[in-house]
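Chemist: The active site, nucleophile annotation in TrEMBL covers C2. TrEMBL lists K611 with the feature active site, for Fru-6P isomerization activity. Annotation source TrEMBL lists domain 'Glutamine amidotransferase type-2' at 2-222. The annotation domain 'SIS' is assigned in TrEMBL to 290-431, 465-606.
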Amino acid sequence: MCGIVGYLGPREATDVVVGGLQRLEYRGYDSAGIAIYDPKTGLQLRRSVGKLVGLIARLHHEPARGNVGLGHTRWATHGGVTEINAHPHRDARGQIVVIQNGIVENYLELKARLVEQGVPFVSQTDTEVIAHLVGHYYAQTQCLEAALRLALADLRGGNAVVAFCINEPDRLVAARLGNAGGVVLGLGEGESFVASDVPAILDYTRDLVFLEDREMAVITAEGVTITTLAGDPVQRKPVTIPWDPIAAARGDYKHFMEKEIHEQPRALMDALRGRVDQEAGAVHFEDLRLDDAALCKVERIYAVACGTAWHAGLIAKFMIERLARVRVEVDYASEFRYREPVLGDDALLLAFTQSGETVDTLAAMEEARNQGVPAVAIVNAIGSQAARVADGGPLYLHAGPEIGVASTKAFTSMLLVAYLFALRLAQARGTLDAAALQPHLQALIELPGKAATVIEQSIPICLELAEQYHRVGGALFLGRQANYPIALEGALKLKEISYIHAEGYPAGEMKHGPIALIDETMPVICIAPQDEIYPKMISNIEQVRARHGQVIAIGTSGDADLASKADHVITIPPTLPMLQPILAVIPLQLLAYYVALRRGCDVDQPRNLAKSVTVE
Ligand code: G6P
């Protein structure tokens, strides 16, 4: 939530900062702003309400030039969406500018204190408090680093902050407090970068240093110096990120979401790479830090996640319980720690997160750590906070950057990695031997090709369906067992990008409520591949038909019976039951995409949403 970028070096800072913000706009797009400094022109602040294009247009008329600067794209928390509330914020003397990602929980108290001292506030934001506090301490210390350190000691909450002072134009100072958002430092030749997420600076450098909780960095063109908030020096080697900058660009696709849907066969392949040994009949996870003995000790798993990743957790429960016979509980990360969970010493926490920065998921991991329970993160963003704090290891998706707010390729890759993890557990615990693993490995290897087939075959049908149904007032998604979370995911995809109300329901539960909604105008999307509960699903479809609902079925190719019962059928190739969700979700992603497109919605930046949710 909220994107942060800063730059120092020989380039035009505006170009680097605005370019970086474009790559981070998925984090929030309520307003955007930059502050650029040049010794001749001084501090130039440009801010604009709405998406980044507004700021870019403004910069066209009022350029800002200089070799040091910082910028911010906002997802509003405190204070409405106005230019006054847009970042960067200044201190009362106009010497210091600050951008923030996070929430200052005690800002009212701090504001009251500052107002009492006669500090004039212009915005309704919590971030302005930080600017004034830094200004206040700067007057005492005449040192930006010291002033920010003192200011941070007053704050409660989780924050990522970058500050600049016109009296120290050779540096930016960045800090991280808590889990509210990452701070990544980029090291170049005679230039340095700071950002809240890797894609922002990937065009310039892949040598990155991540700030940990309660650390600060003084950033100059020559490099970075890291200390703890207490002032102790920190030595940290840079990591090199393998992501290709081109992967973070949209290419010929109309939207990132469309590109990422199409990338799924490749992403699935990359998630499998090096992890499947067909000859030995085994699964290897180089990144897993739990050995067989530790895996055998696990008697229950807590899967925690938010949003689409939570749906991956729900499906992982089926995979792990069926294949490895280990009990799994699935929690919304935002609920987990507040219910004071009793985890036990035979437990494992399994966090699902694309960004590795979702604050609630990080808090759930922290809860596990506090109870001495190891955590494994199924995570996409390399070097992200979740990846770093997962003591059991980050199991990377290797899906490449996901930019579209509605998660697609990260979801299917999460399911694949969860399946591999279930097999790895089964292998360690002896619930599946090498011979029993073989059909699973074969099915996994065939999966990317099948995903490509699903994409190709679904597009024309989904385009037609979007034409026919884009004006409906609501939609119902039904599924059973591991395909019930797919119904939830299909409904979430549709509502988040097309703003059509949609509900996902376990098909058997439909008759306890949602059936009342069904009439001849209601599309009911039924996920009905051939599996052991297929006949029950068919009965549910009959119940929908009896109420004249419009049945759109996702079924197994060659299923003539289903074709005769549904108004429309989209097929997926046969695969193992626990892998069906990976294929079944693809037509639902495409359906949501084309419906949103037909309704003229902003697919990649749906209203009110943000890709990385770093506030509670
Ligand atoms: C937001 C995004 C979703 C995502 C969820 C969890 O709501 O819009 O697409 O599933 O956060 O994000 P994470 O990065 O933890 O997977």
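The backbone N, Cα and C atoms fix where each Cβ goes, and this holds for glycine too.
Could you tell me the structural context for the features on the list?
Modeler: According to DSSP, C2 (active site, nucleophile) is assigned to coil rather than to any helix or strand.
Listed in sequence order, Y26, R27, S355, E402, I403, G404, V405 are the same-chain residues six or more apart from K611 (active site, for Fru-6P isomerization activity) with CB atoms under 8 A from its CB.
Secondary structure counts, DSSP: the domain 'SIS' (465-606) has 74 helix, 30 strand, 38 coil.
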Chemist: Once the chains shown are all counted, how many other Cβ atoms turn up within 10 Å of the Cβ of C2 (active site, nucleophile)?
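Modeler: Other Cβ atoms within 10 Å of C2 (active site, nucleophile): 27.
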